[in-house]
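Per Swiss-Prot, NAD(+) binding site is recorded for 74-79, 108-112, 132-133, K145, K154, 172-175. Residues annotated as Zn(2+) binding site in Swiss-Prot, with sequence analysis given as evidence: E187, H250, H267.
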Amino acid sequence: MIAEKIRVALDERSYDIEMGAGNLDRIGSLCREVGLSGTAAVVSNTTVAPLYYETVRLSMERAGYRVVPVTLPDGEGYKNSATLNLIYDGLVDASLDRGSFILALGGGVIGDMAGFAAASYLRGIPFVQIPTTLLSQVDSSVGGKTGINHPRGKNLIGAFYQPKAVLIDVATLDTLPKREFLSGLGEIVKYGAVLDGGFFDFLEKNAKLLLARDKEALIQAVSRSCAIKAKVVAEDEREGGVRAVLNYGHTLGHAVETLTGYTRYLHGEAVAIGMVQAARLSQHYGFCSQADRERIEALVVALGLPTELPSFPPQQYREALSHDKKVRDKGLLFICNQGIGAYRMERLTDLGALLEICGIGE
């Protein structure tokens, strides 16, 4: 069932997000509709490939494509140059040329790495996103950010490279482990907290349905998240201005991931911590009320997500924050709450004060 199509309007690089439940077997037809030809390399991982590769392969072969698998180890810890080289090896071994393309079948790690491989292999071949986790469906598969991590920071190596299409099948969430599902809900909260107060109300009212993975509630939540992100990306594709709002919760969240070696927290869990801390900081500076801060924190808790920064010395936090991609000469760009559903961007030069407000003092 196709429930909706959302357009990401980027002139000649525009594309559709096709959303539904049980529509994964449409991938071959979709690739034909967007004009793709040649061999399709399906980049996936050892968790997702056993579940969905055959469905994708059969659909692609019915549409007349040659299909080759490139299967990687699973986990954020593998989002690095060594694993990226495994993708290149698979593409070279299969003799992919510039008339071929990549299907990114998996979560955010697969989408980011496969997208970066597509951007750089033979100086660029097309790719299609098939996100199978909630987090990747509402965030990383839309907008063209691709890349890998560096030992000193998250997503420090990458490129903006738009897919030809995105196919979202919320039925793939049925096989998603609970913790990863909750992690995706954390990223959804972001959109309501700083961009759409009505959507935040929806999340508060439908938290139980979302936790139960109700298909109708999920399609609404994923669709609204994608529509919000598509609008922001259309206004600011390369994060030169308003798109930075999508980093709400990510500044401290990325620091948490870096300090814990990408092993203790899932991305959405780290973002949830970052959002709560951003709301506390916003209340401290008078940008939002205590009631607004409490609503954000209560929704994060209701969705089973963490709220507190892990204990590390302030100097380690400062070091991690100093490598954030939003650092400029005038300080760290921090996304704050301006009530519920609105935001303001602040340049913070005193990282020590920021950490003290968040409970990490000397």
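Yeah, the Cβs are placed from backbone N, Cα and C, and that goes for glycine too.
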- Neighbours of E187, H250, H267 excl. site residues, C-beta within 8 Å of centre, Zn(2+): L135, D139, G186, K190, G249, G253, G268, A270, V271, G274
- Message: Out of D74, E187, which of these binding-site residues shows the lowest number of other CB atoms within 10 Å of its CB?
- Response: D74
- State the Cα to Cα distance, in Å, between T172 (NAD(+) binding site) and H250 (Zn(2+) binding site), rounded to an integer. 26
- About how far apart, in whole Å, are the alpha carbons (Cα) of G77 (NAD(+) binding site) and E187 (Zn(2+) binding site)? 20
- Message: Quick check: of the binding-site residues listed here (D74, G108, G111, T133, T175), which one has the Cα closest to that of H267 (Zn(2+) binding site)?
- Response: G108
- Task: Might you list, by sequence position, any residue in that chain lying six or more from H250 (Zn(2+) binding site) with a Cβ less than 8 Å away from its Cβ?
- Result: V271, G274
- Compute the C-alpha separation of E187 (Zn(2+) binding site) from G108 (NAD(+) binding site), stating it in Å without decimals. 12
- Query: What same-chain residues, at least 6 away in sequence, bring their CB to under 8 Å of the CB of T133 (NAD(+) binding site)?
  - Reply: G106, G107, G108, L173, L176, E180, S183, G184
- Which three-state DSSP class does T172 (NAD(+) binding site) fall into? helix
- Neighbour count check, CB within 10 A, over binding-site residues G77, G111; minimum at G77
- Have a look around T175 (NAD(+) binding site) and count the other CB atoms within 10 A of its CB, chains all included. 11
- Query: What three-state class does DSSP give T133 (NAD(+) binding site)?
  - Reply: coil
